[in-house]
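What Swiss-Prot says about this one:
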TOPO_DOM  1-5  topological domain 'Extracellular'
TRANSMEM  6-26  transmembrane segment
TOPO_DOM  27-42  topological domain 'Cytoplasmic'
TRANSMEM  43-63  transmembrane segment
TOPO_DOM  64-76  topological domain 'Extracellular'
TRANSMEM  77-97  transmembrane segment
TOPO_DOM  98-121  topological domain 'Cytoplasmic'
TRANSMEM  122-142  transmembrane segment
TOPO_DOM  143-185  topological domain 'Extracellular'
TRANSMEM  186-206  transmembrane segment
TOPO_DOM  207-224  topological domain 'Cytoplasmic'
TRANSMEM  225-245  transmembrane segment
TOPO_DOM  246-265  topological domain 'Extracellular'
TRANSMEM  266-286  transmembrane segment
TOPO_DOM  287-704  topological domain 'Cytoplasmic'
DOMAIN    317-682  domain 'Protein kinase'
BINDING   LEU323, GLY324, MET325, GLY326, GLY327, SER328, GLY329, ALA330, MET331, LYS350  ATP binding site
ACT_SITE  ASP506  active site, proton acceptor
Amino acid sequence: MPSKEFIIPLILLCFYSVNGFVAVISSLVELFIHKASWNSIKIFFYSLLILQCLCRCIIIGWGMIETVQGGEFYSNFPSLLFISYAGLVALQMIQFLPNDNQYLLLSEGKKNNHKVKVGTNILIFFNLFMYFGMFLLFGIAEKQVGNSTSFNHHGNHNSTTSTSTDEIPLVSTEVGELYLFGDKDPIYIVLDCFYFVCLLLLLIFHSYVGWKTYKRNKDLFGIKLNVIHLILLICIFIRSLLVIIDPSSPNNSILHIDTESWLIYIYTISYYVVGEIIPGMLLIVIEFLLPYHKRKDFINIGGELSSYQDVWKSENIAIHELLGMGGSGAMVHKCTVKKGPLRGGTFAVKVMKDCTNEDIESLENEIRVYEKLKSPYIVSYQGSSKVVGSSGQIFEIRLFMEYIPHTLDKYLLARSVCGDSNGGGSSRNLKNYFLHMQEYQSSPQSSISYYQNNNNNNNNSPLIQPQQQQQYVYPYYFRYSQVVWYLYQISIGLDNLHANKIAHRDLKSNNIFVTLSESEVKICKIGDFDISRSFNNPKVLNVLSNPTALQQQKLNNFFQSATTTTTTEQTTEPIEVAATTTPQTIHSAFQHDILSFGFIVLDFLTLSNYSCFDSKFDTSNYYDDDKFNNKSNTKIKKPDLPDYIKKDEKLWEPVIQLYKSCTSDDPNKRPSSLGVKFHLANLYKDIIESGTEVWSIEKDSSSK
């Protein structure tokens, strides 16, 4: 081989060696730092890419040493591997970056998983078809020509003889001519067309993935990953064109490079560098960024970070749209983690900026509450972070929680307008409501200002019934089994709070977060502990159980006057808190939660949000905390129960009695959270044992 014929093979050999080396290093980082599983798709991707680079290096080196006869089959086999691992990356992008609807409806999550499964099966069968088809065509070409080639890179065919007088000539003596399909043997035309179709399908698949994942990519990685993916699409498109348009002679291939023209040099190096080497490097970058790992032990594994808590630092978090505002004035946003073991995870973050001492105390209290609670029916706490100035002043506090976009008040609003005249409804309409409604409109039933405006601030004016204001829409009421099951979940969460001596103090439907399966509620979780109070402070309990003489005297002084004189701050705080943390105070605080739970029962029965009102009928007079006192002059008539309940009072009697007992005018007659939980547990058990109603959401969905 002349010395100048070594130039392009040597360049390509170096490029493929670098690609393979980078793939090996990346796979080791994925395994030992990112904690990817050995049998994960990530490692399968790197294995295919390393295999391709190895095959390219071997065949190029072999061709540089000696003339390889029939080696074109081996030189083109890595082209098939390129399509295989490029398809795997597209599949992973869909798998890891689902549509936002997955977070809105669990059914959408199932759809995404279904798409991934379908995509996996399509990719498997496509690979089987591609490899089988190519091997078959290579075999036919080997039999006809004796030197099987494809993709417009044909070996030396001068030794081939033909017995047909009208056979298409396989050799051209012209250099730099643009060869079209008519200048080749039909088997080569078929090979080129087959591979072109494979590349075209790969291009379409990646274009679809780019369209579906653009927004999530932008949220998580900025514009970086989208630009990388766009360059990849351009490279695949260029390679597809180069398969069809070939300025080289049929004697040219990666093993037999025609050196008569610089045009052929440029074409050959462009085909492999732009069409395979650069895309391979881009795919490595995309794969490395995708954080889809199988191992569950993320705690303290590090990743790019030194510790698990570093995940929540402000520079590692991308904050997105505003979700709402907490009771303390903190802003709640949707956010994603940009790097670390939880990279790509979506969470809700409560942000308190320009913190005063009261703000810091409020949010730190909420963090302490979350840290003590572990229940599937309480919004889970993920972590927290602080931005501290050089002087030690705290400028910002962030509290990270699991992301649940729906609240019970919005779901009740949806059901209140998705029914029919018979009190039933359409699950399809309800599902479409959640999928296609961009923003929820405020319910007139969620604010007392609605009634204030209509009552003209006149206590003697006619009382307004909420249901009378909605016309031309019908409610989609819950079934008995659903109401019992949802209330049972909330009661478990509430009892978990009270068992830990924590009073929520702001229990209402817009602080109950719900996940959905199809169009039905699957799980109810209590959240938003902005103004909750914990009564198990060790210092306070010690003061109450075993006060010193000085502490006892200060307790007596506190009850005798509105203020207390203290000598030191360390003594004052537990005394003041202890003075307001008597068994009677704790019982009263818990009874507030039970009263609020009773209004949530009413919300389920009427599809209204009475628990969100500032005024809660006459029972509001029993709130001891000023936070809950009825400060408005608006009167709201205690609502009548809907007709569907009156038609079957025997069935609904246990739930109605629970509602009445929880909203009793005498707080001492209200049940405890444990009593509520046991009552609903028995109702739930009766439903299952009787089999009169299908209580399982999954069964309900499958029967529709």
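Numbering starts at 1 and runs along the chain as displayed.
Here the Cβ of each residue, glycine as well, is placed from N, Cα and C on the backbone.
Feature annotations (Swiss-Prot) mapped to structure.
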residue: LEU323; record: ATP binding site; Cβ contacts under 8 Å, 6 or more apart: VAL332, HIS333, LYS334, ALA348, PRO405
residue: MET325; record: ATP binding site; Cβ contacts under 8 Å, 6 or more apart: MET331, VAL332
residue: GLY329; record: ATP binding site; Cβ contacts under 8 Å, 6 or more apart: MET352, ASP359
Sparsest-packed of the listed recorded positions (MET331, ASP506) - C-beta count within 10 angstroms: MET331
Most Cβ pairs under 8 Å with the transmembrane segment (186-206), selected from 43-63, 225-245, 266-286: 225-245
Beyond the flanks of the transmembrane segment (266-286) by 6 or more, those residues with Cβ under 8 Å of it: 8, 11-12, 15-16, 19, 22-23, 26, 45-46, 49, 52-53, 78-79, 82, 85-86, 89, 93, 225, 228-229, 231-232, 235-236, 238-239, 242, 246-248, 252, 254, 257
Helix, strand and coil residues within the topological domain 'Cytoplasmic' (27-42) as assigned by DSSP: 8 helix, 0 strand, 8 coil
Residues of the topological domain 'Cytoplasmic' (207-224) by DSSP state, where helix covers H, G and I: 16 helix, 0 strand, 2 coil
